[in-house]
Amino acid sequence: MTNIRKTHPLMKIVNNAFIDLPAPSNISSWWNFGSLLGICLILQILTGLFLAMHYTSDTTTAFSSVAHICRDVNYGWIIRYMHANGASMFFICLFMHVGRGLYYGSYTFLETWNVGVILLFTTMATAFMGYVLPWGQMSFWGATVITNLLSAIPYIGTDLVEWIWGGFSVDKATLTRFFAFHFILPFIIAALAMVHLLFLHETGSNNPTGISSDTDKIPFHPYYTIKDILGALLLILVLMLLVLFTPDLLGDPDNYTPANPLSTPPHIKPEWYFLFAYAILRSIPNKLGGVLALVLSILILVLVPALHTSKQRSMMFRPISQCIFWILVADLLTLTWIGGQPVEHPYIIIGQLASITYFLLILVLMPVASTIENNLLKW
């Protein structure tokens, strides 16, 4: 008799994706982040669901409903902090996952890569709207500043902003719709993640060497299921260390002050995972220019496959490209630091230099390094 997991219509899909899937025998721990992102998403949806049971999306009660969750709801504090810090873990895994894709040339799977970029945008939108919901000072002013950027769009900008606000400022209507969007988007992310996997399983996984591994495949289960469980345990360990010891380490103290449209915080800044993009936005004195640079800082990922000039797929055997990659990582860390600093000398010039370097590295230096390495192969 044939095994039920290979014949049952539903079990067959699970089997082909997680059990009998042929996987390269040499994929490293950098390939763990896909499953970790799935775990983060499930965790966020579950904690978010329980938070939504007690949260009220009204400007008069939103802030106190979050305080009520933390003080009066059974284990409400742990659910709230798991959700807030879970978002940070989500973005750490996302950045690692994208970095892995860049380093090992996984972006040559075009459909998988492009769906991944859409996933990144959607996740960023979800996180931004979630940050507005507690209705603290940084929530309110963050929403005001970021939505206001759309007014830089010629001709329709102002109308577009007022349409998104549902009025003439960030108010009740804005909060209610942000809650609605924040609730629905994770399910759209889950659907997109399935499309992402669907495209990946058309080609099979890449591996550190970037060379075809068709001749040497092993089943996903038990080898990579056990490896993913180890990764998941480490993820949960780090998350719970954050939640139980320093739950507010990555947050902003200003968000413990209820939103007040009449008093602007001295330094408006987003959550840490948006700081690199925020630094790029601020480094350009022109409003429209800044908005374009902000969008392009992420959208540039779509261009990466077109800029791949190397004869080799992975950076494993390309030392010059490796150097440039790690300079890019250092540059992004610099931008993240700058995004959290006030707009004054010397931070302004450092931010501008780091922003120029970011685009220069991806658009010019990486393709040039690849071409040099191609020529070195002839020697």
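Just so you know, glycine gets a Cβ as well, placed from its N, Cα and C.
Now, the feature entries from Swiss-Prot:
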{"type": "BINDING", "residues": "H83, H182", "note": "heme b b562 binding site"}
{"type": "BINDING", "residues": "H97, H196", "note": "heme b b566 binding site"}
{"type": "BINDING", "residues": "H201", "note": "ubiquinone binding site"}
{"type": "TRANSMEM", "residues": "33-53", "note": "transmembrane segment"}
{"type": "TRANSMEM", "residues": "77-98", "note": "transmembrane segment"}
{"type": "TRANSMEM", "residues": "113-133", "note": "transmembrane segment"}
{"type": "TRANSMEM", "residues": "178-198", "note": "transmembrane segment"}
{"type": "TRANSMEM", "residues": "226-246", "note": "transmembrane segment"}
{"type": "TRANSMEM", "residues": "288-308", "note": "transmembrane segment"}
{"type": "TRANSMEM", "residues": "320-340", "note": "transmembrane segment"}
{"type": "TRANSMEM", "residues": "347-367", "note": "transmembrane segment"}
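Overlay of Swiss-Prot annotations on the structure.
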residue	record	Cβ contacts under 8 Å, 6 or more apart
H83	heme b b562 binding site	Q44, T47, G48, L51
H97	heme b b566 binding site	F33, G34, L37, G116
H182	heme b b562 binding site	G48, T126, M129, G130, L133
H196	heme b b566 binding site	T112, V115, G116, L119
H201	ubiquinone binding site	N16, A17, L21
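In the three-state DSSP assignment, the secondary structure recorded for H196 (heme b b566 binding site) is helix. Through the fold, the transmembrane segment (288-308) approaches residues 98, 102, 105, 107-108, 110, 113-114, 117, 120-121, 124, 149-150, 152-154, 276-278, 280-282, 355, 358-359, 362-363, 366-367, 370 of its own chain, all at least 6 residues removed from its boundaries and within a Cβ separation under 8 Å. The transmembrane segment (33-53) and the transmembrane segment (113-133) are not in contact, since fewer than 3 Cβ pairs between them lie under 8 Å (pairs 6 or more apart in sequence). Contact count against the transmembrane segment (226-246) (Cβ pairs under 8 Å) is highest for 77-98, out of 77-98, 113-133, 178-198.
Packing against the transmembrane segment (113-133) from elsewhere in the chain are residues 55, 57, 62, 66, 87, 90-91, 94, 97-98, 101, 106-107, 139-140, 142-143, 146, 174-175, 178-179, 181-182, 185-186, 188-189, 192-193, 195-196, 199, 270-271, 273-274, 298-299, 301-302, 304-305: each is 6 or more residues past its ends and has a CB under 8 Å from a CB in it.
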